[in-house]
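**Student:** Pasting a structure here, questions to come.
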Amino acid sequence: MKCPHCLESVSIFSKEMNKFGKSKVCPKCSNSIQLYVSPKWAAILIIPAVVSALLLEPIFIDAGLSGSLSTGLMCGVMVLLSMRLKVPKVKESA
């Protein structure tokens, strides 16, 4: 993911990205950023996620695991891949 302010790459697994709350701070430029799931990328990734889950399900069942575990893992990967950074909206007080 790239910071919308400085366009530097920010890892999803970095300490700053794993803090609680929606608003976060870029570790490179210290500007406020917000992590969100992009509906466009989620829609694009849903077909590969479903196909991958269907292909992995027999492997999980043969290994003695639940077949729904493959669906859960693919949904988690899909959400991770569809996460993006944006500039947070500023709330104006009246």
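Glycine residues also receive a Cβ, built from the backbone N, Cα and C atoms like all the rest.
TrEMBL annotations: computationally assigned, not manually curated.
Pulled from TrEMBL, these are the listed features:
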- 41-61: transmembrane segment (TRANSMEM)
- 67-85: transmembrane segment (TRANSMEM)
**Student:** Go through the chain and flag residues at least 6 beyond the ends of the transmembrane segment (41-61) whose CB is under 8 A from any CB in it; none is fine as an answer.
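**Tutor:** Distant Cβ neighbours of the transmembrane segment (41-61) are 67, 69-71, 73-75, 77-79, 81-82, 84.
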**Student:** Would you mind listing the long-range same-chain contacts of the transmembrane segment (67-85), meaning Cβ under 8 Å and 6+ residues beyond its ends?
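**Tutor:** Here the qualifying positions are 1-4, 10, 12, 33-38, 41-42, 45-46, 49-50, 52-53, 56-61.
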